[in-house]
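Visitor: So Swiss-Prot says this about it:
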SIGNAL    1-24  signal peptide
TOPO_DOM  25-237  topological domain 'Extracellular'
CARBOHYD  Asn40  N-linked glycosylation site
CARBOHYD  Asn56  N-linked glycosylation site
DISULFID  Cys154-Cys168  disulfide bond
DISULFID  Cys218-Cys219  disulfide bond
TRANSMEM  238-258  transmembrane segment
TRANSMEM  268-288  transmembrane segment
TRANSMEM  302-322  transmembrane segment
TOPO_DOM  323-428  topological domain 'Cytoplasmic'
REGION    355-380  region 'Disordered'
TRANSMEM  429-449  transmembrane segment
Amino acid sequence: MGLRSHHLSLGLLLLFLLPAECLGAEGRLALKLFRDLFANYTSALRPVADTDQTLNVTLEVTLSQIIDMDERNQVLTLYLWIRQEWTDAYLRWDPNAYGGLDAIRIPSSLVWRPDIVLYNKADAQPPGSASTNVVLRHDGAVRWDAPAITRSSCRVDVAAFPFDAQHCGLTFGSWTHGGHQLDVRPRGAAASLADFVENVEWRVLGMPARRRVLTYGCCSEPYPDVTFTLLLRRRAAAYVCNLLLPCVLISLLAPLAFHLPADSGEKVSLGVTVLLALTVFQLLLAESMPPAESVPLIGKYYMATMTMVTFSTALTILIMNLHYCGPSVRPVPAWARALLLGHLARGLCVRERGEPCGQSRPPELSPSPQSPEGGAGPPAGPCHEPRCLCRQEALLHHVATIANTFRSHRAAQRCHEDWKRLARVMDRFFLAIFFSMALVMSLLVLVQAL
């Protein structure tokens, strides 16, 4: 029993010691490989066997996060994963000579790295490289994965704000090597969005890649670069709820000033209040928009609405002057009586009390002329005395004066009522016009969101 226990303990000890010894052998082989590779290696020179040979670099970009889009300064901040692959002619070995070791990971500062930078960089920091490891394979293939936070310039077009789409390009290329020395190409037709973290303000539609070969005035050789164009569309729900929808409701409320009775005294106050509310929203909009040549869509809508409210308030003041015109005003002109108080009043159903809609007021019969001596009423009885005749003539004169005064007062009152009715017709007419304008403008803007 004791002998069997002794053999079991010895077997377990060998089982634990054997992997450690093998691991140590693998570490020694990796150290030997590292010393052999970098004994006469320099990272200062382009790693090609022939100096006339072009070194090909493959560039792959993975979009991880949109950190910030500064519309006012037109700067886009992104978090990217950048992978670069190339072949180093001086870093090759036979895996069989090193125990089957076919890849090692070493600091990127030890090997030559392509000087690929972001051309449209927007900050003052000098271009630098992340100090991450590179994967080196036995055939000389080098793969360098590095995270990067980029700040690039992006021309923001706010003409369709808040339903706008932006195209922001990130151009990568070699800073010193021409196309005959270093050629950069994208891996795939677009950047990867597999690990992208969704942004609350922007929706990413894609990030296609495009290779260009340009020639600059300073040099005769071509310079290739790779441009990744980030396609963005703004999420407009917050702007619709906070800026657009209140303006739509206010614009629909403004024409209702024409429907208020003139005696309420609030017709002009409503228009001025609406104008002040639109001014406040206009200031809020101006704070979030960058200074640009093109006016955003919502800005045009605000200006059109404010113009409409201004005109409606001015027309309200003119109509109130017609409503409160004094008794000494002239009668309504014949053309206005026929056109506005006739056809337009019937079309808008503006009628006097007791008058059915669609029926115009019957023409007023002018009273028959009465002479001061022949007043209305039953004929006077026989009176032949001089005193009786004088009293009868005085009485008839007073009755005629009262009748003429009453007729003049009634004519002035009728003239005033005509002007008030004309004001109601114009109120109803402009209510329909301005409400239709506000509704059409609001629908045109809201259709952009669909």
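Don't overthink the numbers, they just go from 1 along the chain as shown.
In case you wondered, yes, glycine gets a Cβ from its N, Cα and C as well.
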Visitor: Under a Cβ pair cut-off of under 8 Å, which of the recorded stretches 238-258, 268-288, 429-449 contacts the transmembrane segment (302-322) most often?
Guide: 268-288
Visitor: Around the C-beta of Asn56 (N-linked glycosylation site), how many further C-beta atoms are within 10 angstroms, looking at every protein chain?
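Guide: There are 12 such Cβ atoms around Asn56 (N-linked glycosylation site).
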Visitor: So what's near the transmembrane segment (238-258) in sequence-distant terms, Cβ-Cβ under 8 Å and 6+ beyond its ends?
Guide: 161-162, 201, 267-268, 270-271, 274, 277-278, 281, 284-285, 298, 301-302, 305, 308-309, 312-313, 315-316, 319, 427-428, 430-431, 434-435, 438-439, 441-442, 445-446, 449
Visitor: Report, as numbers and ranges, every residue of the chain located at least six residues beyond the transmembrane segment (268-288) whose Cβ falls under 8 Å of a Cβ in that stretch; write 'none' if there are none.
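Guide: Here the qualifying positions are 71, 243, 246-247, 250, 253-254, 256-257, 260, 296, 298-299, 302, 305-306, 309-310, 312-313, 316-317, 320.
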Visitor: Cys219 (disulfide bond) to Asn56 (N-linked glycosylation site): how many Å between their Cα atoms?
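Guide: The Cα atom of Cys219 (disulfide bond) is 20 Å away from the Cα atom of Asn56 (N-linked glycosylation site).
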Visitor: Determine, to the nearest whole angstrom, how far the Cα atom of Cys218 (disulfide bond) is from the Cα atom of Cys154 (disulfide bond).
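Guide: That comes out at 25 Å between the alpha carbons.
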Visitor: Just to be sure I understand the packing, how many Cβ atoms besides its own are within 10 Å of the Cβ of Cys168 (disulfide bond)?
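Guide: By my count, 22.
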Visitor: Ranking the disulfide-bonded residues Cys154, Cys218, Cys219 by other Cβ atoms within 10 Å, which is at the bottom?
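Guide: Per-residue Cβ counts within 10 Å for the disulfide-bonded residues Cys154, Cys218, Cys219 bottom out at Cys218.
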Visitor: Check Cys154 (disulfide bond) against DSSP and tell me helix, strand or coil, would you?
Guide: coil
